[in-house]
Amino acid sequence: MRLEPVAAPGLARTLGLPALAIAATVVVASALAMLAGANPFATLGLIVKGAAGSKFAALETLNRATPLIFTGLAVAVAFRAKLWNIGAEAQLYAGALMTVLIGTQMGLPGPVAIPAMAIAAVLAGALVLLGPVLLKVRLGVDEVVTTLLFNFIMLLFISMLLEGPLKDPMGMGWPKSEAIPRDARLPRIVDGLRLHWGFGLALISAVVVWVIQVKTTLGYEIRAVGQNPQAARFAGIPVGRVMVKTALLSGGLAALAGFSEVAGLKGNLTLDLSPGFGYTGIVVAMLALLHPLGVVVSALFVAGIFVGADSMSRAAEVPTYIADISVATALLFMVLAILLTRFRVVRG
Amino acid sequence: MGAREVVLRLEGITKRFGKLTANDDIGFALHRGEVLALLGENGAGKTTLMNILFGHYTADSGTVEVFGQPLPPGAPGAALAAGVGMVHQHFTLAGNMTVLENILLGTRPLFGMGLGRGAARARVEQLSRDFGLAVHPDAKVKTLSVGERQRVEILKALYRDARILILDEPTAVLTPQESDALFETLKKAVAQGLSIIFISHKLHEVTAVSDRVIVLRHGRVVGEVATDQTDRHRIAEMMVGAEVALPHPPLGRAGTALMELRDVSTPPEGNRTGLRRVTLSLKAGQITGLAGVSGNGQGALADLVSGLIAPDSGELRVAGQTVARWSPRAALAAGVGRIPEDRHATGSIADFTLTENAVLEGYARPPFSRAGWMDWTRARAHAEDIIEKYDVRCPGPEARIRLLSGGNMQKLILGRALEAGPKIILANQPVRGLDIGALTYVQECLIAARDAGAAVLLISEDLDEIRALSDVIHVMSEGRLSPEFPRGSKTPAELGQWMAGQGFADAA
């Protein structure tokens, strides 16, 4: 068995195969539900119901999707330039840290505090990715390693701050920061329900990233550098500078996830602010084939599975791990589908 | 000839890659003691055919017989075991091992390498004498010249008892003198009963060395003739399907020097030769031809002119001004139009559309962008202009450039460079691998640009092309540049001596 490239994949290939991947995921998830002793149709129904069956459930899914849109965009932007940013988690926490610092220490009035927190978060996230990228551009240090390791450095740094200077004196000894004041929180989109304007900001960000990629010289440069750095360099595109700009954009987007979680949802900084949103962002971006608007769809899909599985496991006797497995399966099938849109399998 | 024993027979070989038929019902026979030339343009199917013979590809249909025995399809090594040896265009030698070790490598267990070395050495020496392949068995391969390395490759095949020898473009890396030595070796080999397939697209070599010629075009055998019953023109016609003639432009009128290099040196990069005190003047209205065996510093000179590298020492002057900061962008701003050697890896971005590729060098300035915003309407119009003016055959400006043939890709790159109105044009191997139509077109465009007052630097390994097109010729050898020779003042043999490094006042 060998792979031969497909010259011009048709519509059936480019849309049909990803659809098939989703269908295959459903089959695998059903089989797992059966293995756990539950009725697969009922289980799937419960997941869908838990994710989108009520206004509350749907809003919960949107809430969960918000940080995933940001980290997914961060990864999509970077991967376009073949800049392997595995450190969205660190950039997210850098953004969250700046949000809490500005929100609790400066005493700014709400309308000033919110943009100040957002800008500080973006700068911090950009700065966190700048280091590894400068090492890559100048010295050729592999950014996969540096950005990945930065995640742990950042978590330990936050942990140190939460046990020390940032520890909430009223926190009963828990490692958490003070909460930012009510008027510095992101307002709710729908009164009385938990969905906040972080989701709106995420949607706007997706559109902005899409416009950058399609309409601006920077987007053109990023795509050129990602697809063929040698030709880009020959054509006079400043490859190093494009990498740095990409890093600033990517790091800033990931940091907005931290800003939105703190200012929109949690109010304070804890070590479990992100259950791996930075890493899940990679899955979200890959499922979206790195398309910024596709990131919104795939973030909703992934968030829906997680929220739906949480709710399902309370009703049926199926562990929530099915969510992780389903997302992982979806990713594997999707990667396979992408491969098969570009190559066909030939016998012999 | 018909009575002679057939040693290799291919029958009905067909191989398709998607819509492309790389080999279409190819069949021919190789006889004992003959040199069969396999001719064809790039993309004619030569490489695919050899890959099928060596089991790297499996043919969709057809059979291969060696010495009357069918070869199992898709089994790499079967051809080798049956006595077919191949000398690739790119050598497969270990540089830090000796000639003898390279020859023995893979013929015996790794830990037994020392055993029976005396006998092996005697055999290698015998083979070198018999076939006129002079090379010292204890020399380290990395110290050998390209011609000597090729001899090691041939010895390797002979040591493995190859009775059929396939040489893939063996002269591409040789000087004319080295090529002549190779031809002598081949004559000795066939005299001893070996059979040889000689793959090439250089006509004069084919007529010099072969007994029979088979011409491939678009994956099909389009002609088979005995060499002594034909001539170069007839063969060329078969290859391209039309009479081929190099242009004979009248000499250009040299104007002022638009780009000058004075004593420029650049460091070697990896195993790539750098420049050694090169002084060169590119004049308006003149084509300067750069001849030389590949890998003798042409790459460094091309990179320097394109802006990818800056002089390490010496001076680069553009339009009379010393250049301080030199980069691809600076070169473009100074009016250097570039046609890079590798149109796939350097000249274009495969998954970009023709429109996106058309503005690769000009996207950052109006009219293609303003204040960071791309104007895709203008970009598309520009691509459509190039497509029409330079006759780029393509599905349209929004098609990906990877779908285009080499010739059409090159036309787009040529159009991109020329439409910017360059004063200096770097054309690095501009017609390599192009079919005759595209080739003639590209050459005519370069002559027209010269006549319009551009200074053209033409780099090519094809001496005929250099001698036909250039107003003045330089030869490069080991990073050094020869003096300027006016067109017609040196014979190919004289240029060959310069290519081999003779005549240089070695100041390094």
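Residue positions begin at 1 at the first shown residue.
Keep in mind that glycine also has a Cβ here, set from the backbone N, Cα and C atoms.
What TrEMBL says about this one:
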TRANSMEM  A:20-42  transmembrane segment
TRANSMEM  A:62-79  transmembrane segment
TRANSMEM  A:91-108  transmembrane segment
TRANSMEM  A:114-135  transmembrane segment
TRANSMEM  A:144-162  transmembrane segment
TRANSMEM  A:195-214  transmembrane segment
TRANSMEM  A:279-309  transmembrane segment
TRANSMEM  A:321-340  transmembrane segment
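Looking at which of A:20-42, A:62-79, A:91-108, A:144-162, A:195-214 has the most CB pairs under 8 Å to the transmembrane segment (A:279-309), the answer is the stretch A:62-79. Counting Cβ pairs under 8 Å that are 6 or more residues apart, the transmembrane segment (A:195-214) and the transmembrane segment (A:62-79) reach 3 or more and are in contact. Listed stretches A:62-79, A:114-135, A:144-162, A:321-340 were compared with the transmembrane segment (A:20-42); the greatest number of C-beta pairs under 8 angstroms is found for A:321-340.
Only residues 6 or more beyond the boundaries of the transmembrane segment (A:144-162), in the same chain, are considered here, and those with a CB under 8 A from a CB of the stretch are 84-87, 89-90, 93-94, 97, 128-129, 131-132, 135-136, 175-177, 269-271, 278. Using a Cβ-Cβ cut-off under 8 Å and counting only residues 6 or more beyond its ends in the same chain, the transmembrane segment (A:91-108) has close neighbours at 67, 70-71, 74, 85, 116-118, 120-125, 127-129, 154-155, 158, 161, 166, 177-181, 184, 250-251, 254-259, 261-263, 268-269, 273-274, 277-278.
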